[in-house]
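What follows is one structure encoded as structure tokens, with my remarks underneath.
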Amino acid sequence: MSLLADLVNLDISDNSEKIIAEYIWVGGSGMDMRSKARTLPGPVTDPSKLPKWNYDGSSTGQAPGQDSEVILYPQAIFKDPFRRGNNILVMCDAYTPAGEPIPTNKRHAAAEIFANPDVIAEVPWYGIEQEYTLLQKDVNWPLGWPIGGFPGPQGPYYCSIGADKSFGRDIVDAHYKASLYAGINISGINGEVMPGQWEFQVGPSVGISAADEIWIARYILERITEIAGVVVSFDPKPIPGDWNGAGAHTNYSTKSMREEGGYEIIKKAIEKLGLRHKEHISAYGEGNERRLTGHHETADINTFLWGVANRGASIRVGRDTEKEGKGYFEDRRPASNMDPYVVTSMIAETTLLWNP
């Protein structure tokens, strides 16, 4: 096994200019991630300099068997924390051979919104809090829970330490460091309210880069849990009952919100979000109705409510933002399995482009 580990960690840059590029894309479910690798003649830092590639879309639920070729367009480059050296991870989106985005390509429409001059001028910042649950591989039950049983009630686990309260920290810390190495603007991690559940935060990142970074951070997490023999779940309510669900709270601000008088701009933006509540909920993740119950630090899915420091609201404004009269707000509605391309671009569209 030591020889295998040595070969896995072999630094090919010692005797070759060639690099390995891992092309990554979102699969047919809209949540599964797929990837495959190719050799390139030398280091690349600009995604536009990377070749397009293709894959069998009939094997990912993204194309019929009789016309199965789907084309990958490289969009963002990150350093590869697994192969290291000059090797890279490449976030791609997917198109038909005719150049049309396939239905599961949510990046294309998001990029159009973020390319709008009115959106560019406002330099939208996002900070996304990605929650997830670690599961024991063969029993599909949270890490640290007795098989077929339950731990003690919630309370001791949030931001906890100790072998009886904190489960999976080695995975979490490995993911944290690997994400930093990759160039993701990961800003922190913490243990969550339900045992076996964790969170990492990405941002503040500008525009579509926030969504690219979340997808690559998810990819890195899936790869690390694969190595550890643990399953990661982004289900918004993995365990029914008196247990917290998993969300992807999305913090948002624009240039106008960050400047003097920004609090008034924030309130107008929140008013717009309230008017489109149903549209946003329908795009904020599968199974979110199991999570947004009005309990466990959530608002009811059918009710739009905002407030200062209120974690039972749809939109929360921080005390600092209220006090300073400028800043950001937090959309607490997105589920942990949301598509960040959809959520970030929809918030920008509603607050900056949509006129009631």
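Numbering starts at 1 and runs along the chain as it is shown here.
Each Cβ is built from the backbone N, Cα and C atoms, and glycine gets one as well.
Positions annotated as domain 'GS beta-grasp' by Swiss-Prot: 19-99.
The feature domain 'GS catalytic' is assigned by Swiss-Prot to 106-356, with sequence analysis given as support.
Taking all protein chains in view, 6 other C-beta atoms sit within 10 angstroms of the C-beta of Ser2 (N-acetylserine). Ser2 (N-acetylserine) carries a helical DSSP state (H, G or I). Marked as N-acetylserine by Swiss-Prot: Ser2.
What Swiss-Prot records for Ser2 (among others) is phosphoserine.
Taken from Swiss-Prot, the feature phosphoserine covers Ser48 (among others). Under the DSSP three-state reduction, Ser48 (phosphoserine) is assigned to helix. Around the Cβ of Ser48 (phosphoserine), a 10 Å sphere holds 8 further Cβ atoms from the protein chains shown.
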Subject >> Mean of the pLDDT scores, which run from 0 to 100, over the domain 'GS catalytic' (106-356) >> reply: 97
Original post:
Residue counts in helix (H, G, I), strand (E, B) and coil for the domain 'GS beta-grasp' (19-99), per DSSP?
Top reply: 9 helix, 39 strand, 33 coil
